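Notes follow once the structure below has been shown.
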Amino acid sequence: MNIRIGHGFDVHKFGGGSPLLLGGVHIPYETGLIAHSDGDVVLHAISDAVLGAVALGDIGKHFPDTDEEFKGADSRHLLRHCYRLAKEKGYSMGNLDVTIIAQAPKMAPHIEAIREVLALDFETDTDNINVKATTTEKLGFTGRKEGIAVEAVVLLVKSAD
């Protein structure tokens, strides 16, 4: 198969003393996200999408939250590992589309920086990376500012042999 599509979804609750990292970018906010790793919910959803596209499970399988080795882990390292696995199967980035679902913080000022980080990690142009944000109009846990949800869809393309 020459193309593969993967979908990823992740949620993290606000809390703790860690800084808020989204898409590899530090976002000024009153709190971070509770997680076993650094809590970068954007990179977790993308990692799941990449793994799903090449039928390699999910990040919980590769980086279990019961393993102390991954406590506080840099999610960019985890993402790069997932992408390396896809490249080992002969795939490279076609395009990526990410939706950040959060009432707060406002994401618009940070979108371009996130796109640049992702383009760097996926060794591609920012034209292949889309990041957008939306709210739930104050409905649900994201609307109550209890956490952030992220959906990611990735298209991987088989490299020419």
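Cβ from N, Cα, C; glycine included.
As the structure is a computational prediction, the values presented were derived from the model and not from experiment.
What Swiss-Prot annotates here:
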BINDING   10-12, 36-37, 58-60, 63-67, 102-108, 134-137, Phe141, Arg144  4-CDP-2-C-methyl-D-erythritol 2-phosphate binding site
BINDING   Asp10, His12, His44  divalent metal cation binding site
SITE      His36  site 'Transition state stabilizer'
SITE      Thr135  site 'Transition state stabilizer'
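Annotated features, which come from Swiss-Prot, shown on the structure.
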| residue | record | contacts (Cβ under 8 Å, 6+ apart) |
| --- | --- | --- |
| Asp10 | 4-CDP-2-C-methyl-D-erythritol 2-phosphate binding site | Val41, His44, Ala45, Asp48, Ala149, Val150 |
| His12 | divalent metal cation binding site | Leu33, Ile34, Ala35, Gly39, Val41, His44, Gly147, Ile148 |
| Pro105 | 4-CDP-2-C-methyl-D-erythritol 2-phosphate binding site | Leu20, Ile27, Pro28, Tyr29 |
| Thr134 | 4-CDP-2-C-methyl-D-erythritol 2-phosphate binding site | Thr99, Ile100, Ile101 |
| Thr135 | site 'Transition state stabilizer' | Ile101, Ala102, Gln103, Thr142, Gly143 |
| Phe141 | 4-CDP-2-C-methyl-D-erythritol 2-phosphate binding site | Val11, Lys13, Gly147 |
Divalent metal cation site shell beyond Asp10, His12, His44, criterion: Cβ within 8 Å of Cβ centroid: Val11, Leu33, Ala35, Gly39, Asp40, Val41, Val42, Leu43, Ala45, Ile148, Val150
Least Cβ-crowded entry, counting other Cβ within 10 Å, from the recorded positions listed as His36, Ser37, His44, Phe63: His36
Structural state of Phe141 (4-CDP-2-C-methyl-D-erythritol 2-phosphate binding site), classified by DSSP into three states: helix
